[in-house]
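In TrEMBL this protein carries:
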type     : residues : note
TRANSMEM : 34-51    : transmembrane segment
TRANSMEM : 63-82    : transmembrane segment
TRANSMEM : 94-120   : transmembrane segment
TRANSMEM : 159-177  : transmembrane segment
TRANSMEM : 184-206  : transmembrane segment
TRANSMEM : 237-259  : transmembrane segment
TRANSMEM : 280-307  : transmembrane segment
TRANSMEM : 327-353  : transmembrane segment
TRANSMEM : 374-394  : transmembrane segment
TRANSMEM : 400-423  : transmembrane segment
TRANSMEM : 435-456  : transmembrane segment
DOMAIN   : 467-517  : domain 'Cationic amino acid transporter C-terminal'
TRANSMEM : 495-514  : transmembrane segment
Amino acid sequence: SDCKVLVQTVSVKKPIDPVGGDSGFSRRLSTIDLIGLGVGSTLGGGVYVLSGEVAREAAGPSIVLSFLVAAVASVFSALCYAEFGARVPKMGSAYLYTYVTVGELWAFITGWNLLLSYIIGTSSVAKAFTGAFDDLIDNAIDQTLEQHMPMNSPGLAPYPDFFSAAFVMLMAGVLAYGVKESAILNTIFTGLNVAVLIFIIISGFVKGDIRNWRLSKTDFCTNNFNSSDSLFGSGGFFPFGFEGTLSGAATCFYGFVGFDCIATTGEEVENPKKAVPQGIVVSLLLCFLAYFGVSASLTLLMPYHLLDYHSPLPVAFEYVGWDPAKYVVAVGSLCALSTSLLGAMLPMARVLFAMARDGLLFKPLSFVSSRQSPVLSTLVSGAVAAFMVLLFDLKALVDLGSIGTIFAYTLVAVCILVLSLLLSEALVFLQSLKVWAVVLVSVLVFILVLAMVLIWRQPQNSTRASFMVPWVPLIPVLSLFINIYLMVQFGADTWISYSVWMLLGLVIYFSYGLHHSTQRGQTHSAQENFARIIRNSVHFQNHNPAA
């Protein structure tokens, strides 16, 4: 029937190329470049702002544990990305991983979510960079534009932000010129940022006071706060209880978003099967150490209830009498925002390129320059982000971008579960469960436990990669549930906006992508697709007994 044909068409999978042909890109990135890219993208301006907001409102000094919980949650997603980075060293990140595992429609949805996340992330970082720079010149840009070019319309920015838009296009030009040059610039900025963070951490332990981790309500009175005021909790290391620590972890999770940009560079890395997993894991570890150290330093320097929302570190240094240190912090903040912007724009262009190359988006976007750079996708995606930051108020869109990121992480975890079962023996066994599986539906928890046990006991995918997720299915399932928990925390307005964005994407897919897909007509079943990979693996092992 027509319905069956449609389902088969949208479920077509992209075959994994075990050899990896010529992609048209120059493999010039090393593991060090990837670590610099991951740290620069993940350790953006949030490290200078996020700690103050979470410590004051949610966690107090226990923010150090909030970052630990958030890091563990991020590791679950990072491990899934790392395995796919080793198995599928191609450009496209979660979009490609979904394409080769669960099919074209889900791949388009994943890619569309990633584009949303990267566009809003790029715009937000550019806006933050302008704000940080404007602070150094006494808000001259803000005052001039708001006075002469106000835009008094709901949903729009107070004024057209020409400075941020120009900065986005400048960075787009740098990326379009070449990825190696961009990586060098990123490494320089990241090095400066890390140096500033080390200065902040050491300063905090030198000038800090451990008594700031043992405050009581009496201290609130000393600082002219009402002791009955519950806004600042009960004092101590857990002023808002452990619940506050977990609540802070949900916010801190977004401080680790960005490592996935490494997974989009698979075709530009010298040894992607090793470099991509190593880059993801090492960059995430370094980012956790930085967040942990900065948050500890900040809460030691200054009582958590006195922290400033917007500029916690400069205010903290002023509190201890180190006023000149705020200029060092400003330099680090600008460097961090620059690397964060590059880290958001690079995967944005690569995902757009990958979708265009597969025919799901407009084919001209897959043009590659003589310098082996996806010029058109870089400039077009940069122009869209520049348009967003020029006209729109992005504060209401940040949560929308977060949904896109978490949704992509969730699908990657699902793909790891699917990947672990894609052997003909496992599929035959699962088919035998159809008769009595209906009975299990009545007990949801029992199904979950049984499913995990079944996955654990099934023959695993015998294709070995240079990195594989440990403890499957526990790690992917934990990642799945944590991501779903975070997604349901968003409000109705955010979900309505997200639905509109997804509706637009589905219209594009069914009107254009479905008819121009390069995989159309190549309907490989899951068994056929992965059986080929397994046969190649067995053939390799037979000829290489030592392996």
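Positions of Cβ are set from backbone N, Cα and C atoms, glycine also.
TrEMBL: automatically predicted annotations, no manual curation.
Because the structure is a prediction, the values reported are computed rather than measured.
Of the Cβ pairs linking the transmembrane segment (495-514) with the transmembrane segment (327-353) and spaced 6 or more residues apart, fewer than 3 are under 8 Å, so the two regions do not touch. In terms of C-beta pairs under 8 Å, the stretch of 63-82, 94-120, 184-206, 237-259, 374-394 lying closest in packing to the transmembrane segment (159-177) is 374-394. In summary, the transmembrane segment (63-82) does not lie against the transmembrane segment (184-206): fewer than three C-beta pairs, each 6 or more positions apart in sequence, are under 8 Å. Tertiary proximity for the transmembrane segment (184-206) is limited to same-chain residues at least six positions away from its ends with a CB under 8 Å from its CB atoms, namely 32-33, 36-37, 39-40, 43, 47, 174, 290, 293-294, 296-298, 300-301, 313, 317, 322, 325, 328-329, 331-332, 335-336, 338-339, 342-343. If you look at the transmembrane segment (237-259), the same-chain residues 6 or more away from its ends with a CB under 8 A from one of its CBs are 38, 41-44, 46-47, 50, 53-55, 58-63, 65-67, 69-71, 73-74, 78, 81, 117, 121, 213-215, 280, 283-284, 287-288, 291, 304, 340, 343-344, 402, 405, 486, 489. Contact count against the transmembrane segment (34-51) (Cβ pairs under 8 Å) is highest for 327-353, out of 94-120, 280-307, 327-353. Mean pLDDT of the predicted structure over the domain 'Cationic amino acid transporter C-terminal' (467-517): 77.
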